[in-house]
Structure formats: structure tokens, C-alpha cells
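**Q** According to TrEMBL, the protein has these features:
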{"type": "ACT_SITE", "residues": "D116", "note": "active site, proton acceptor"}
{"type": "BINDING", "residues": "D12, V13, G14, N15, T16, R17, V18, K19, T141", "note": "ATP binding site"}
{"type": "BINDING", "residues": "G114, P115, D116, R117, T197", "note": "substrate binding site"}
{"type": "BINDING", "residues": "D138", "note": "K(+) binding site"}
Amino acid sequence: MAAASSALIAADVGNTRVKLGYFDGTLDASGLPVCGSRFAISVNACADLGPVKRWLDETGAGSEPRVVVSDVNPAVTRDLTRAWKEQLGTKPEQIRRPDPQILENRTDHPARTGPDRLFNAVAANVLRPKAKPAIIIDAGTATTIDLVAADGAFEGGAILPGFALSAQALQSYTALLPLVASDDVTDSRPNPLGRNTRDAIRSGLYWGGVGAVIELVRRISIELDDQPAIYLTGGAAPRLVPYVAQARHLPTFALQGMVLTSRRSAGTREESNCGD
Ligand SMILES: Nc1ncnc2c1ncn2[C@@H]1O[C@H](COP(=O)(O)OP(=O)(O)OP(=O)(O)O)[C@@H](O)[C@H]1O
Ligand SMILES: CC(C)(CO)[C@@H](O)C(=O)NCCC(=O)O
Ligand SMILES: [K+]
């Protein structure tokens, strides 16, 4: 029963940015929590939450809404939690990896899977057609390409450096290569044939990143009985959309998965407290 629950702020702490979403408790037609407003800050900007306060005021979330925070970057999560309590008056609740009742995780070490990958999978389980597998591409600091099986289990996938991280690595670990800004890598369609160093890097990062994603989707799909649903999220997702056939772009997928996980975890606790 999709009863309207109270407002919730979800904070997905990544390795580059903290993504924030305001959820008023409603669900869309497919059953995903509706993100009424979103905002992002750099992971280096957690000391002063003034911009977050102004965003919260605009959302109409009330003065002290419940906040859940995820954990792929523990040091930043700690700083954000402390600053939020001091500056905004509420203590964010850390949201753990989904329990096995919410998401079966078939990887070798379920406790080590990045929670963001698992929250994406929880959201995919709501969105995908019944009995169809799903592949989720999350193009953030790292790019992940993960499989949710037809029965709903998280099966693992692939992790590779994202566009900006690859650009930084080329500069940091070579003597002669310059830093190509990540917007240069992601905002245009470079000529594959670069005739100078910068253009060659732009080409390699852009088409290499696109090609890696296409090849991984293809290889992960080979063993599947059915064509997978394909979902794309993360900061660089808009650049990949044109090249990944049939992909659906979902900018707030991990946040939506966090909200689903938080509400289901609360439901599970209430049920077990009732004892019936
Ligand atoms: N507005 C944008 N336009 C184009 N590319 C972008 C934009 N914002 C971010 N990116 C690209 O997306 C990647 C980072 O994505 P994002 O900001 O989602 O990181 P993140 O959420 O902190 O990552 P993670 O969750 O993996 O730690 C970088 O490669 C960057 O170049
Ligand atoms: C792969 C990233 C960096 C993607 O954000 C994150 O999910 C993470 O830190 N994962 C931990 C290792 C794992 O998922 O197997
Ligand atoms: K991510």
C-alpha cells in the first residue's frame, strides 16, 4: 500500500559530490519515490552547509526534516553528519546496505559492495519489468556497470575509472600529459583522431569511456536469457545516453533506492516489533 509517508531528505555521499534529494513521501506510477527537488555540493564543501540550508528552505521540507545519509565515503559522511547536526539541527541517520530481505546480494563479499550500487539495484527492482534482468550504469567518480538478475538479486558487475578520474590519472602518472578538464571530456563529441595532445586525450577519454560501457553491457548481457532493461545514472550519464541503446536516464536513481531501502527497513523493524 503506497501510503504517503512523511518527508525525507536523502544524502548520497559520493567521492566527488554529495547528492541531496527531497522526497515528500509520494510514489510515481512505477512505484519509485518522487524526488521533488535535488541539490549537490562538493565533498569538500561540507563545513559550511549554508547553501544546503537555503535549498532546504526552498523545498518546503520544514525546518527539521528526517535525513538519511549513505556511506561510500566514510570520512565525508562523518563530517557531513557532524556539520548537519551543528548547523541544521537534525542528526542524519546513517543508512546501511539493504538487508537480504530487501535485496539478495550474490557477490563474494556482500558487506563490501558499495551501498550506492545496492541502492541503484533496489530502485531497479521497482522499475524493471517483472522477470526481466536489469543492467545499471552509474557514471560517477568511478563508473559501475552492474547486473540485477531476473529474480531480483544483485549479481555484481564492473568498476572502472570515470571520465574525470581518468583525466586526472593521465596527468598525475605521466611526465608530459596535461590535465584535460572533465567538462572538456564530457561536454562535446570529440574527433576520434586528435591532432594534438589535448585533443588526443579528449578523444581517448570520451570514446574510450563510451566504448568501455557499451562493451561491458554487451558482455554482461551475453549469458542472460532475456534482453535486460538498462538504466543510466550518475553525473556523466547525459553523455552516455546517446550511445547506450535503450537506456533510460534516471538522475536520482541511487537516492530513490536509498528512500525505498530506508522505508522498507523501517517497515521490517515495525513488523518484527509487532511479532505477527
Ligand atoms: N554537469 C556535468 N556535465 C558533464 N559531466 C559531468 C557533470 N557533472 C559531473 N560530470 C562528470 O561525471 C563524473 C562525476 O559524477 P558525479 O558528480 O556523479 O560524481 P560522484 O557522484 O561524486 O561520484 P561517485 O558517486 O561515484 O563518488 C565526472 O566524470 C564528471 O566529469
Ligand atoms: C565503486 C564505487 C566507488 C562507486 O561509487 C563505490 O560503490 C565503492 O566504493 N564500492 C566499494 C567496492 C565494491 O562495490 O565492491
Ligand atoms: K555513485
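Just so you know, glycine gets a Cβ as well, placed from its N, Cα and C.
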**Q** Please check each of the recorded positions G114, D116, R117, T197 and report the ones with a CB atom less than 6 Å from an atom of ligand 2, ordered along the sequence.
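**A** Passing the 6 Å Cβ check against ligand 2: G114, D116, R117.
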**Q** Cβ under 6 Å from an atom of ligand 3: which of these binding-site residues qualify? The list is G14, V18, P115, R117, T141.
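**A** Among G14, V18, P115, R117, T141, near ligand 3: G14.
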**Q** Count the Cβ atoms, other than its own, that fall within 10 Å of the Cβ of G14 (ATP binding site), considering every protein chain shown.
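**A** There are 22 of them.
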**Q** Taking only the recorded positions G114, P115, D116, R117, D138, which one has a CA atom nearest to the CA atom of V18 (ATP binding site)?
**A** D116
**Q** Once the chains shown are all counted, how many other Cβ atoms turn up within 10 Å of the Cβ of T141 (ATP binding site)?
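**A** Within a 10 Å radius of the Cβ of T141 (ATP binding site) lie 20 other Cβ atoms.
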**Q** In the same chain, which residues outside the set D12, V13, G14, N15, T16, R17, V18, K19, T141 have their CB within 8 A of the centroid of the CB atoms that define the ATP site?
**A** A40, V43, V72, N73, V76, G140
**Q** So how far apart do the substrate binders G114, P115, D116, R117, T197 get, largest Cα to Cα in Å?
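**A** Pairwise Cα check on G114, P115, D116, R117, T197 gives a maximum of 37 Å.
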**Q** Out of D12, G14, T16, D138, T141, point to the one nearest R117 (substrate binding site) in space (Cα versus Cα); all of them are binding-site residues in the record.
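**A** Considering only the listed binding-site residues, the nearest one is D138.
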**Q** Any idea of the Cα spread of the ATP site, D12, V13, G14, N15, T16, R17, V18, K19, T141, as a max distance in Å?
**A** 13
**Q** May I ask which of the binding-site residues T16, V18, G114, P115, T141 have a CB within less than 6 Å of any atom of ligand 1, listed in sequence order?
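**A** Those binding-site residues that pass the cut-off, since their Cβ is under 6 Å from ligand 1, are T16, T141.
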**Q** For G114 (substrate binding site), which of the three DSSP-derived states applies: helix, strand, or coil?
**A** coil
